[in-house]
Amino acid sequence: MSTMKFCRECNNILYPREDREKKVLLYACRNCDHQEVADNNCVYRNEVLHSADERTQVLQDVASDPTLPRTKSVRCANCKHGEAVFFQATSRGEEGMTLFFVCCNPNCGHRWRD
């Protein structure tokens, strides 16, 4: 795992830098001229801790998202409210995109797909 490195001369952070001639990774200070050869070529690692098949959950506050389009041409089967937000996403185990709706009634939040 990569950790932050600090300059031995001035204690400022060292930033990764490439020495193209020698083809090595260096850590260099932006404050003084100190630099050192990296002991590991990994600069950053992003570890995803959830499984790939984990379904994306639609949160109820998605209905208040101002960036999502709204429609009044559908009715919620749960509360009969006449407005819903909608978006497209892939559904697990299916090919192509699926149209998802979320009821805009703050007391309902029912979700369905087309």
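Keep in mind that glycine also has a Cβ here, set from the backbone N, Cα and C atoms.
Annotation source TrEMBL lists Zn(2+) 1 binding site at CYS7, CYS10, CYS29, CYS32. Sequence-distant neighbours of CYS32 (Zn(2+) 1 binding site) (same chain, 6+ apart, CB under 8 A from its CB) are CYS7, GLU9, CYS10, ASN12.
Annotation source TrEMBL lists Zn(2+) 2 binding site at CYS76, CYS79, CYS103, CYS108. Taking the Cβ of CYS108 (Zn(2+) 2 binding site) as centre and 10 Å as the limit, one finds 17 other Cβ atoms among all the protein chains shown.
According to TrEMBL, the domain 'TFIIS-type' annotation covers 72-113.
Counting residues 6+ beyond its ends, the zinc finger (7-32) has Cβ neighbours under 8 Å at 38, 41, 43 in the same chain. The feature zinc finger is assigned by TrEMBL to 7-32.
CYS29 (Zn(2+) 1 binding site) and CYS103 (Zn(2+) 2 binding site) are 53 Å apart (CA-CA, integer value).
Within 10 Å of its Cβ, the residue among the binding-site residues CYS76, CYS103 with the fewest other Cβ atoms is CYS76. Here the CA atom of CYS29 (Zn(2+) 1 binding site) lies 59 Å from the CA atom of CYS76 (Zn(2+) 2 binding site).
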